[in-house]
Amino acid sequence: MTNATGPQMAYYGAASMDFGYPEGVSIVDFVRPEIKPYVHQHWYNYPPVNPMWHYLLGVIYLFLGTVSIFGNGLVIYLFNKSAALRTPANILVVNLALSDLIMLTTNVPFFTYNCFSGGVWMFSPQYCEIYACLGAITGVCSIWLLCMISFDRYNIICNGFNGPKLTTGKAVVFALISWVIAIGCALPPFFGWGNYILEGILDSCSYDYLTQDFNTFSYNIFIFVFDYFLPAAIIVFSYVFIVKAIFAHEAAMRAQAKKMNVSTLRSNEADAQRAEIRIAKTALVNVSLWFICWTPYALISLKGVMGDTSGITPLVSTLPALLAKSCSCYNPFVYAISHPKYRLAITQHLPWFCVHETETKSNDDSQSNSTVAQDKA
């Protein structure tokens, strides 16, 4: 069976078996000879997965790609169409949308083709490296743009008008820094530090976190620090202090109202409480989604590079990568389309979307800080 070729479905249930593969068939048996140098020896220990996994993952990736094109494309379109959205903060958001859009449009078509055309990598070895590099650049860039967005929100909400203002120039610099960090983290394998190889069920390519040598170990520790640990610290720091600042502000207002012998300084206390709850929930959702998407892949990579490859099966390796790529679908909705100003732009420029957002203005100065906080969060 070592020379088996063609779709894996043809071998599923062979040799008088109702389910599974004949004994001795490896997941690597279906890989073309010129691709095998890009397959780590670890995967030779596993039989192919049920072919239905390939079809299921192909359908899921097609869905993710469609949602990403719609969501991120809409954000980019509205940014270019509406002058009101072309703010410094939204420069970061539109770069996030661009990065996410590139990730899905450069990865999804090839992954789904592999899923439906044989269940293994069907393209050249060189494009395996390009595929992995593009996924790394856009993934890391999105992570750091989320850090920049989180820090901007922290600066606005915690420092208010006393903090340094985010100008268009600064926003462009922050976006460029994110792209430079991403490129700097993704290019080393082309120069001998680390490797890009096939991973999991061999439908896609990514970092090599299985080879046990100092070269691979040092590169993976480098990307773990710059792609996960530092961004996680910045995002958690930002949102923890955002929530603390909001509740401290509300406590100060209640104390001031008590000194003035009034029940509240607000015209509508119920609305204020709802705004506080919304801000806290938004912060919790932002942090939780980030960790849900990126932590499994980071832990699997760290487990492999530390030498413990037990339990890293083809599916265990593949599913965290799916979670990581799914962030490109929710980002445009969490960071842009859910915002009232984006919904207003949809109402104005795409009325057939049936989004009916009305422009509101508040004249109550006592609510200014919370209004800014609610918009930014």
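A Cβ is built for glycine as well, from the same backbone N, Cα and C atoms used for every other residue.
The annotation disulfide bond is assigned in Swiss-Prot to CYS128-CYS205. Residues or ranges marked as N-linked glycosylation site by Swiss-Prot on the basis of sequence analysis: ASN3. Taken from Swiss-Prot, the feature N6-(retinylidene)lysine covers LYS325. Here Swiss-Prot flags 1-53, 116-131, 195-218, 306-313 as topological domain 'Extracellular'. The topological domain 'Cytoplasmic' annotation in Swiss-Prot covers 79-90, 152-170, 247-281, 339-377. The transmembrane segment annotation in Swiss-Prot covers 54-78, 91-115, 132-151, 171-194, 219-246, 282-305, 314-338.
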Problem set entry | Contact set, same chain, for the transmembrane segment (282-305): CB under 8 Å, 6 or more residues outside the stretch | 143, 146, 150, 207, 209-210, 216-217, 220-221, 224, 227-228, 232, 235-236, 239, 242-243, 311-312, 316-317, 319-321, 323-324, 326-327, 330, 334, 377
Problem set entry | Per Cβ pairs under 8 Å, the stretch of 54-78, 91-115, 171-194 packing most closely against the transmembrane segment (132-151) | 171-194
Seminar exercise, completed: Contact count check, CB pairs under 8 angstroms to the transmembrane segment (171-194), set 54-78, 219-246, 314-338; argmax is 219-246
Seminar exercise, completed: Taking all protein chains shown into account, the Cβ-based neighbour count within 10 Å for CYS205 (disulfide bond) is 29
Problem set entry | Integer average pLDDT (0 to 100) for the topological domain 'Extracellular' (306-313) | 90
Exercise. Under a Cβ pair cut-off of under 8 Å, which of the recorded stretches 91-115, 219-246, 314-338 contacts the transmembrane segment (54-78) most often?
Worked result: 91-115
For this session: Could you say whether, by DSSP, CYS205 (disulfide bond) belongs to a helix, a strand or a coil region?
Result: strand
Exercise. Does DSSP give LYS325 (N6-(retinylidene)lysine) helix, strand or coil?
Worked result: helix
